[in-house]
Ligand SMILES: Nc1ncnc2c1ncn2[C@@H]1O[C@H](COP(=O)(O)OP(=O)(O)O)[C@@H](O)[C@H]1O
Ligand SMILES: Nc1ccn([C@@H]2O[C@H](COP(=O)(O)OP(=O)(O)O)[C@@H](O)[C@H]2O)c(=O)n1
């Protein structure tokens, strides 16, 4: 296995990217970078400022004046700061999930985020997860994975996750929202959600997170 490698993990919402990426980073002693958290932080700020999300100029301007920091904690937890404020929990609110793809499709926003993400990856030894990491942000990544799962299973996971945080949502409504977000992420003109050439696709529907990590590590050890 290459040392201080760059590992890219992409896939739709709820496929298990962050869970697996975090566990993998821990096993490898790498840094975990959650790029979705960056788009979420900017979306939260835009919503709080009541910025018209269809106004691409305004949203781009906001991206350019916003400082987003991902700060690793003990283990592989990261805390997300937006202009110095800890927004780790707030960015997971359903309203942010509902609106984030509108912000993420703005080319000026992506340009800014991608620049930051590439800088964070410069020294290697990272696991980065998102939608366009293997295809666009880090096309030269050493290892690329594309996680999937059925929409039903991905909704079930997100529904449970929200419930564990005391947020009760309607399952069918959540399913619709997740499908709408996937569609928007897949259809946007700039760096859409796609499986990068050469990425190993893993359907996690019937796997435990630990099993997915083992598949990934085995693939990396075999140097494929
Ligand atoms: N392979 C898996 N099997 C079962 N549950 C999983 C699996 N991967 C992740 N989960 C659970 O599903 C939820 C959503 O996963 P997450 O990692 O946030 O997905 P993503 O980052 O792709 O949106 C988490 O609560 C996690 O514990
Ligand atoms: N590399 C990335 C990561 C996220 N995103 C956007 O950010 C949103 C939230 O990403 P996330 O990874 O936090 O979403 P979940 O899969 O955790 O629900 C996605 O739906 C995309 O719209 C993106 O455009 N590019």
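Keep in mind that glycine also has a Cβ here, set from the backbone N, Cα and C atoms.
Other C-beta atoms found within 10 angstroms of the C-beta of residue 19 (ATP binding site) number 19, with every protein chain shown included. Taken from TrEMBL, the feature ATP binding site applies to 11, 12, 13, 14, 15, 16, 17, 18, 19.
Per TrEMBL, the feature domain 'Cytidylate kinase' maps to 7-221.
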With an 8 Å cut-off on Cβ distance to the 11, 12, 13, 14, 15, 16, 17, 18, 19 Cβ center, who else from the chain surrounds the ATP site?
20, 129, 147, 149, 154, 204
So for residue 11 (ATP binding site), how many other CB atoms are inside 10 Å of its CB?
25
Going by a 10 angstroms cut-off between Cβ atoms, which of the binding-site residues 13, 15 has the sparsest surroundings?
13
Using a Cβ-Cβ cut-off under 8 angstroms and a sequence gap of six or more, which residues of the chain neighbour residue 17 (ATP binding site)?
9, 10, 11, 129, 130, 147
